[in-house]
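Okay, structure first, notes after.
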Amino acid sequence: MARNKIALIGSGMIGGTLAHVAAREELGDVILFDIAEGLPQGKGLDIAESTPVYGASVNLKGVNDYAGIAGADVCIVTAGVPRKPGMSRDDLLGINLKVMKAVGEGIKAHAPNAFVICITNPLDAMVWALQKFSGLPTEKVVGMAGVLDSSRFAYFLSEKTGVSVADIHAWTLGGHGDDMVPMVRHSTVGGLPLTQLVAQGWMSQAELDAIVERTRKGGGEIVNLLKTGSAYYAPAESAIAMAKSYLADQKRVLPVASYCSGQYGLKDMYVGVPTLIGAGGAEKIVEFDFNADEKAMFDKSVASVNGLIEACKGIDPSLA
Ligand code: APR
């Protein structure tokens, strides 16, 4: 069987990390694409020169032409600009929407059968626009945010409780913004829901509330530390987990920005929901039961995403 082909649209900090992880894990041959000349070629060659050290039988190539992504099985999109301190993800909307138009057209022309994972922010609006611009089936275009936010949530819970991250199952739903919805009742540490953890004295309610708040602001915490850009290791690993579930038909249920067509009462929008990812792409959305508080938080997050989608339509009337 031929090797998988992974196309990385954007070869900056996340794109380069994706290429490295995909090569090390032998996910397939890697094409790095970027508008910056030399950047994808340089990163591709550097990583290719590392493959003999760990014996990964994959090829890497950098390109500045969309023809290079032809026949890709997976496209992971990070093209655009990241935030700097003081910026919200929403501040990136105008610039990155134009980038999504170019990327969507490139994928439509050269890799229409790919499974597309968008990482560019503001995530939920950008993946919505990318699906429209590319015209690919909605189940083949998804956004990466929830795996990252949930991983941050799980890490903070592990740090607090001393329980291995391997035994923590954390969920965040909703949009990838500061009003995302960390799901306290549905997340577990060693099988115990977080509400029980508080009842049993593992941590106080105030400590749990602080972890929820830190999760919501997790991206900003990294931006403030790095000062020159945003997180890239954890976002890259999160997208690779999604790509693997598609390529190997693992059928993992992951928090993914998926197209909702009635699920959770939503129509024609992308937002973070538990999604089964297999060979068919986003095969099924799992519907959690919300209590009144969770529903109110989810609705608020959805309203923010809808505001961004409306802003996209205002900037580019072809999306309306
Ligand atoms: N087509 C292809 N690549 C582009 C385009 C375009 N139209 N416009 C910009 N790029 C490239 C840049 O040249 C750069 O190499 O996108 C890359 C982005 O890389 P970084 O600036 O290092 O940003 P990164 O940290 O990788 O984040 C990328 O993901 O998490 C989000 O908010 C983040 O939107 C940002 C994106």
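Here, residue 1 is simply the first one shown, and the rest follow in order.
Just so it is clear, glycine is given a Cβ too, placed from its N, Cα and C backbone atoms.
Feature list (source: Swiss-Prot):
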ACT_SITE  HIS176  active site, proton acceptor
BINDING   GLY10, SER11, GLY12, MET13, ILE14, GLY15, ASP34, ASN96, ILE119, THR120, ASN121  NAD(+) binding site
BINDING   ARG83, ARG89, ASN121, ARG152  substrate binding site
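In this view, ARG89 (substrate binding site) is surrounded by 26 other Cβ atoms within 10 Å of its Cβ, with every protein chain counted.
Checking the recorded positions GLY10, ILE14, ASP34, ARG152, HIS176 for a CB within less than 6 Å of any atom of ligand 1 leaves GLY10, ILE14, ASP34, listed in sequence order. Of all Cβ atoms in the shown protein chains, 19 besides its own fall within 10 Å of the Cβ of ARG83 (substrate binding site). Annotation for ARG152 (substrate binding site): spatial neighbours ARG214, THR215, GLY218, ALA234, criterion Cβ-Cβ under 8 Å with sequence separation of six or more. For the NAD(+) site, whose annotated binding residues are GLY10, SER11, GLY12, MET13, ILE14, GLY15, ASP34, ASN96, ILE119, THR120, ASN121, the maximal Cα to Cα separation is 17 Å. If you take the C-beta of GLY12 (NAD(+) binding site) and look for same-chain residues 6 or more apart in sequence within under 8 angstroms, you find ASP34, LEU39, THR78, PRO82, GLY229. DSSP gives ARG152 (substrate binding site) a helix state.
Secondary structure at the residue listed as 'active site, proton acceptor', as computed by DSSP, is coil. Note: HIS176 (active site, proton acceptor) has non-local neighbours ARG89, ASN121, PRO122, LEU123, ASP124, GLY143, ALA145, GLY146, ASP149, GLY219, ALA257, GLY272, i.e. same-chain residues 6+ apart with C-beta under 8 A of its own C-beta.
Distance noted between the C-alpha atoms of ARG83 (substrate binding site) and ILE119 (NAD(+) binding site) is 13 Å. Once the Cα atoms of ARG83, ARG89, ASN121, ARG152, the listed binders of substrate, are compared pairwise, the greatest separation found is 18 Å.
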